[in-house]
Ligand code: ADE
């Protein structure tokens, strides 16, 4: 899988992709990450990338030319015929595990990080295929949301996680939140590990975990619980 990121702040990505599981995935070439500085594609002699909104109003907008030329450069240099182009915006569809799973099957994903008050609508009309939000709050830019997308997608690509890091049993599988986990010691600060987990009875353990998953999902996420019971 190749991620192509259009941003005004490339350094943010270099540091994150150079740590932990992401670093390993890049080294193994399971994922490739290409970062493009939109400013470098500006035709303006001062490399300007923003301007005032027509019709007035607060703040600046990212102008279309540098973004469009960055996009053209990406698809031409990588010979991309058909790729999802994701614009990170609080106006988008709220990200979830299902979206991450569907995106993990793509060969190329192009991400567009906005700044200031947003981008010219014509860029959205011309090149964007998906508008995605990471939650109902507003951030200063699309870089953190893009990293969240990349992380959530990458860990679903075969070979990125090892066996111990498996995602077979985790939150959002079958719309359920995860059951509680315990490790050594058996007693900590007078709190004991639930007896059933020490029983060696795998069927009972599985039943207990399912019940705990249902309980926590019902309490915290009635919206998911409804889907899980369907
Ligand atoms: N840019 C600013 N806020 C955002 C959000 N919540 N999700 C995605 N992109 C954003």
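Any Cβ shown, glycine's included, is placed from N, Cα and C.
Copied from TrEMBL, the annotated features are:
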BINDING   114, 134, 135, 136, 137, 138, 139  S-adenosyl-L-methionine binding site
DOMAIN    1-227  domain 'tRNA methyltransferase TRMD/TRM10-type'
Which same-chain residues, if any, lie at least 6 apart from residue 135 (S-adenosyl-L-methionine binding site) yet have Cβ under 8 Å of it: 94, 95
Cβ under 6 Å from ligand 1: qualifying binding-site residues of 135, 136, 138, 139: 135, 138, 139
Candidate with the highest Cβ count within 10 Å, taken from the binding-site residues 134, 138: 134
Site with most surrounding Cβ atoms, counting all protein chains shown within 10 Å, from the binding-site residues 114, 136, 137, 139: 114
Rounded mean pLDDT for the residues that make up the domain 'tRNA methyltransferase TRMD/TRM10-type' (1-227): 95
